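Enquirer: Below you will find the structure I want to go over with you.
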Amino acid sequence: MDKILVRGGNTLKGTIPISGAKNACLPELAATLLTEDTVTLRNVPHLRDVTTMLELLGQHGAAITIDEKLGVSIDCKSIQNTMAPYDLVRTMRASVLVMGPLVARCGHAEISLPGGCAIGSRPINLHLRGLEMMGAHVTLEDGYVRIKAGRLKGAHIVFDLVTVTGTENLLMAATLADGITILDNAAAEPEVVDLANLLMAMGAKIDGAGTRTITIEGVKNLHGTSHDILPDRIETGTFMVAAAVTGGDITMTGTYPALLEAHIAKMREAGCQIDEMDRAIRVRAEAGTLRAVDITTLPHPGFPTDLQAQMMVLLTVAKGAAQIKETIFENRFMHVSELQRMGADITVQGNTAIVRGVPQLRGAPVMATDLRASASLVLAGLCAEGETLISRVYHIDRGYERIEEKLKALGADIQRLGR
């Protein structure tokens, strides 16, 4: 199993291109199941989770062509089966996103209960209740969710909690339903908007994406199209923190400041200089000048939970004490014990972490527990004194494209070690 070795202390400087967003790519790959025509997605990130989703589509019967320019063309004319098996779903929770498209187009689906990051229960009951309201019959047998339906019917669905994948699943299902579907308390994340843009390019009738109320008028068929996946705001935010904690100067290209308004505001409050351009963000920071800032994770447009662990690293070396309140997922402080091994002063009380800045972290052997936690440990290694050896880095490959190569290009002393 691969490990990553980081020797800290280098100041990172330079320009880095941002990859396509994993959290937009995965639902958009699933959306190709909705049509018999070919859909081409561009700016597809080369990630383990994307490979898993392509394998899942392939076993459903999709014909997949990949070009040399990060483009993927998917032809789902012939869906051979509607089962998402345990061996694929267990590795990636986003596999559940094929559920809505399969039920909408084929009238049935069998989905293994999902896996992915171990950051709380993240139940799919909100997805299932919505499908039931649209006329589907749902049963749970032998670890599989079995769903059967005729043509789905439009419904008024109010989410008890804001759910990104739940919004995406029901948004996709509703595009082929009979009648009008209203999703209230829907997720407003940029990735949901990007999915809606793809679906509308395929012929769907959608209004309100990016707000808390989305209205979908079902159509009988969707058609093929081409679509550019939006840039990854979480990768962007991660490299922004890398600039801050190393006292560096990094420009991220191919990304949009509007995707990260809450994160940019907090980094400015913490003492970073940030230049916003049309398709780029530049972050500069002086060593020893970072200030403590309180953070509460919230649904978009609030501070994203997927950048909580990275900002915690910044706060470990900032002046003063700060509070991080995690309101989205339970068990999302599993990186704290590893940061403490590196000398961080962090106390966890329920869903709140109190972070008191220290002059410097120290390198240590640490273990990644989930995707974003693994990124935080790399960031900690970059600003720590000495060597940090990070185990179980397969987590990071699920969401970051060639992270060690990109960091090395900016001046980091980092390398991947084989078994």
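Just so it is clear, glycine is given a Cβ too, placed from its N, Cα and C backbone atoms.
What Swiss-Prot shows for this protein is this:
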ACT_SITE  Cys117  active site, proton donor
BINDING   Lys22, Asn23  phosphoenolpyruvate binding site
BINDING   Arg93, Asp306, Ile328  UDP-N-acetyl-alpha-D-glucosamine binding site
MOD_RES   Cys117  2-(S-cysteinyl)pyruvic acid O-phosphothioketal
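Please go over these features one by one and say how buried each is and what sits next to it.
Expert: For Lys22 (phosphoenolpyruvate binding site), the same-chain residues lying six or more positions away in sequence with a CB closer than 8 A to its CB are Pro45, Leu47, Asp49, Val50, Asp232, Ile234, Arg398, Gly399. DSSP gives Lys22 (phosphoenolpyruvate binding site) a helix state.
DSSP assigns Asp306 (UDP-N-acetyl-alpha-D-glucosamine binding site) to a helical segment in the three-state reduction.
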Enquirer: Taking only the Cα atoms, work out how far Ile328 (UDP-N-acetyl-alpha-D-glucosamine binding site) lies from Asn23 (phosphoenolpyruvate binding site), in Å, as a whole number.
Expert: 16
Enquirer: Sort Ile328 (UDP-N-acetyl-alpha-D-glucosamine binding site) into helix, strand or coil using the DSSP assignment.
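Expert: Coil, per DSSP.
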Enquirer: What is the number of other Cβ atoms found within 10 Å of the Cβ of Asp306 (UDP-N-acetyl-alpha-D-glucosamine binding site)?
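Expert: The answer is 23 other Cβ atoms.
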Enquirer: Round to the nearest Å and give the CA-to-CA distance linking Asn23 (phosphoenolpyruvate binding site) with Asp306 (UDP-N-acetyl-alpha-D-glucosamine binding site).
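Expert: Cα-Cα, rounded: 11 Å.
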